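Swiss-Prot annotations:
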- Arg116, Arg150, Glu275, Glu276, Arg291, Arg368: substrate binding site (BINDING)
- Asp292, Gly296, Asp322: Ca(2+) binding site (BINDING)
- Cys90-Cys417: disulfide bond (DISULFID)
- Cys122-Cys127: disulfide bond (DISULFID)
- Cys182-Cys229: disulfide bond (DISULFID)
- Cys231-Cys236: disulfide bond (DISULFID)
- Cys277-Cys290: disulfide bond (DISULFID)
- Cys279-Cys288: disulfide bond (DISULFID)
- Cys316-Cys335: disulfide bond (DISULFID)
- Cys421-Cys446: disulfide bond (DISULFID)
- Asn42: N-linked glycosylation site (CARBOHYD)
- Asn46: N-linked glycosylation site (CARBOHYD)
- Asn54: N-linked glycosylation site (CARBOHYD)
- Asn84: N-linked glycosylation site (CARBOHYD)
- Asn144: N-linked glycosylation site (CARBOHYD)
- Asn293: N-linked glycosylation site (CARBOHYD)
- Asn398: N-linked glycosylation site (CARBOHYD)
- 89-470: region 'Head of neuraminidase' (REGION)
- 1-14: topological domain 'Intravirion' (TOPO_DOM)
Amino acid sequence: MNPNQKIITIGSVSLGLVVLNILLHIVSITITVLVLPGNGNNGSCNETVIREYNETVRIEKIIQWHNTNVIEYIERPESDHFMNNTEPLCDAKGFAPFSKDNGIRIGSRGHVFVIREPFVSCSPTECRTFFLTQGSLLNDKHSNGTVKDRSPYRTLMSVEIGQSPNVYQARFEAVAWSATACHDGKKWMTIGVTGPDAKAVAVVHYGGIPTDVINSWAGDILRTQESSCTCIQGECYWVMTDGPANRQAQYRAFKAKQGKIIGQTEISFNGGHIEECSCYPNEGKVECVCRDNWTGTNRPVLVISSDLSYRVGYLCAGLPSDTPRGEDSQFTGSCTSPMGNQGYGVKGFGFRQGNDVWMGRTISRTSRSGFEILKVRNGWIQNSKEQIKRQVVVDNLNWSGYSGSFTLPVELTRRNCLVPCFWVEMIRGKPEEKTIWTSSSSIVMCGVDHEIADWSWHDGAILPFDIDKM
């Protein structure tokens, strides 16, 4: 065979193989398209797969076709009923750790927001940590000066409980330098206060959409709870203050349904001062333990009924729970009047347990350091000093801050009572430490049927950060 014949032969064989390959592909495609879908067993060619993710529940409809996945994101189905929340509080013998975010430790090298005023609130399916950001990250130049309470950069955001307030998992809720949030069983309601001191506005969001507003009525820093509002049978309640922080101000309780305000009442409290209430549902009413920033070192108590009638006074216990405060031995409690003659204060909480009361407070009498929770026999109704339980959460060598209450709904726990829980903010940076910023992390505790040993779940970040050394 001469060279020309060899070339022709090789070319013919190659062309034949190419034609055969094309025919095989045509047959394969024909069988796939026309035969397989009609055999009653689609396999993985066309199916819906439901996947649950830890951070939220997300339904994915995945259509698999010729090795190509088409993913369609479908909104999470809404609950079709409101939470009841008329059950009594569960009796708690102690408080066990629920979560700790370690946000400042992580933020030394991670993308974590500068925050203050964290709080927790729960839906029928999850608990979330809400917080007020400063529009800046830890260890960044924009964190300078974040000791300031009110600015146009502050926003309310949230993450699933236990997560750090990081940029990748945080969800925007509202523009706010003061806020509250709660879930009625169907959707989240958030309230964010923002704007100038003399004309601040509170914007109500329901399901992420603005639905109503409250304008400042006294023209002096309209503000709200900095902790969870309270929903009972579809109606949600919260408390707001407008007026001076160091003398008589004005106070109102509000009620909303599905994000629309359906009622409000003026709280008459001459000689008393109410700010930053920590509220929870108990036997169909809203019970709040608040902050007196004017004179009292005992805490105001506000009990709100469904018709917005109320009872207001002070926590009766013969032990003070605000900071700063005097010696326990020198304090005389009162159910009706501010006692202790100490200005300023810090957000705190208490839980009624029958006639007894669990009340949280800093361990230090003069600064926001350490944290303990005490159970006082008959402290809800009498000037009792009988301390029957004490649990340390943060030792007095470490900084604490605000604290507040929330409950675990029966939909989460499958119990016939509401589990009392609280969180403790641990403030780091200015004004106590040599940094250019102020931020915080938190520890969350929930009531259990056992006594829990003392320990210190403190913040633990090593300061200063790199940005503070520049």
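In case you wondered, yes, glycine gets a Cβ from its N, Cα and C as well.
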Exercise. How many whole Å apart are the CA atoms of Cys231 (disulfide bond) and Cys182 (disulfide bond)?
Worked result: 7
For this session: Could you say which of the glycosylation sites Asn293, Asn398 has its Cβ with the most other Cβ atoms inside 10 Å?
Result: Asn293
Exercise. In which DSSP state, out of helix, strand and coil, do we find Cys182 (disulfide bond)?
Worked result: strand
For this session: Quick one: among the disulfide-bonded residues Cys90, Cys229, Cys231, Cys277, Cys288, which has the most Cβ atoms sitting within 10 Å of its own Cβ?
Result: Cys277
For this session: Using the centroid of the Cβ atoms of Asp292, Gly296, Asp322 as reference, list every other same-chain residue with Cβ within 8 Å of it (recorded Ca(2+) site), in sequence order.
Result: His273, Arg291, Asn293, Trp294, Thr295, Thr297, Asn298, Arg299, Pro300, Tyr314, Pro320, Pro338, Gly340, Gln342, Gly345
For this session: Whole-number Å only: compute the distance from the Cα of Arg116 (substrate binding site) to the Cα of Asn144 (N-linked glycosylation site).
Result: 14
Problem set entry | Other CB atoms, at most 10 A from the CB of Asn144 (N-linked glycosylation site) | 15
Exercise. Where Cys182 (disulfide bond) and Cys122 (disulfide bond) are concerned, what is their Cα separation in Å, rounded?
Worked result: 7
Problem set entry | Proximal but sequence-remote residues of the same chain as Cys236 (disulfide bond) (Cβ under 8 Å, at least 6 apart) | Cys182, Asp184, Met189, Cys229, Thr230, Lys255, Ala256, Lys257
